[in-house]
Amino acid sequence: MTSPSAPLTGSIVALVTPMHDDGSVDYPALRKLIDWHIAEGTDCIGVVGTTGESPTVNVEEHCEIIRVSVEQAAKRVPIMAGCGANSTAEAIELARFAKKVGADSQLQVVPYYNKPTQEGQYRHFKAIAEAVGDLPMVLYNVPGRSVADMQHETVLRLTQVPGIVGIKEATGNIERAQWLIRDVPKGFAVYSGDDPTAVALMLCGGQGNISVTANVAPRLMHELCVAALAGDTRRAMEIQFRLMPVHKQLFVEANPIPVKWAVQRMGLCGGALRLPMTPLSQGNEAVVEAALRAAGLL
């Protein structure tokens, strides 16, 4: 489901990073997860993003996760490498590495904590694009986590920068997404970063969904995206209604706490997290399990 003018369309899993109980990255489990997603129909695998615990892996680990993912995917599906940082220099370093090892695109989040102005955001992303060259960049706007919010006008400025090909819009605000879809130039992709509103965004003209739920329901999310992108509202909403409890309960605590518990419960990989993330509370384990069962995933 690729396009010459954008990295991809369809279901992009925001993949968890498997870890051993001691907190070290479980690379064999990562390889198995990638194989499973390919078999289940995931259109693209996004690694080392928010769901992949990017804030708590060091640069060496970050690079190794990208390298292993690219190697294991072996061009069977594209790899979208999370390369975001609140230091422009570090983001460039990560993106250069991703390009060197063969990633298909990079995801660059709005710098968090240091709260750059709109001009600072523009210069940050422009500097990365100019430094890294032809590795397609997808912007990532998630003000609920980064605090800084990339405004509509800033996105439009960035659409004119060579190499910036899309945006993951994770506000869940469909009106805002519609304005973006209306105003961005042809060939610039708008992706949902919010599972509950992903169908609506795609039916409005968005190109896909960068999904947490796809960690536990990859085939269903792929089918949902196929239907929504084809304008088949009935089929898309049939799947969406089935997955709504999962969308909701995977955020009953901060992501990726619930989804890490869910993938362990499903036997896909271990559920260990790195501090300051802590395990899902016992009470919420039952809530997440009920959602998985309601969707037929257990």
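Cβ from N, Cα, C; glycine included.
Listed in Swiss-Prot for this protein:
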SITE      Thr50  site 'Part of a proton relay during catalysis'
BINDING   Thr51, Ile210  pyruvate binding site
SITE      Tyr113  site 'Part of a proton relay during catalysis'
ACT_SITE  Tyr140  active site, proton donor/acceptor
ACT_SITE  Lys168  active site, schiff-base intermediate with substrate
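Thr50 (site 'Part of a proton relay during catalysis') and Tyr140 (active site, proton donor/acceptor) are 11 Å apart (CA-CA, integer value).
Least packed by the Cβ count within 10 Å, out of the recorded positions Tyr113, Tyr140, is Tyr113.
The separation of Thr51 (pyruvate binding site) from Tyr113 (site 'Part of a proton relay during catalysis'), Cα to Cα, is 18 Å. It is 7 Å from the Cα atom of Ile210 (pyruvate binding site) to that of Lys168 (active site, schiff-base intermediate with substrate). The CA atom of Thr51 (pyruvate binding site) is located 14 Å away from the CA atom of the residue listed as 'active site, schiff-base intermediate with substrate'. Around the Cβ of Thr51 (pyruvate binding site), a 10 Å sphere holds 24 further Cβ atoms from the protein chains shown.
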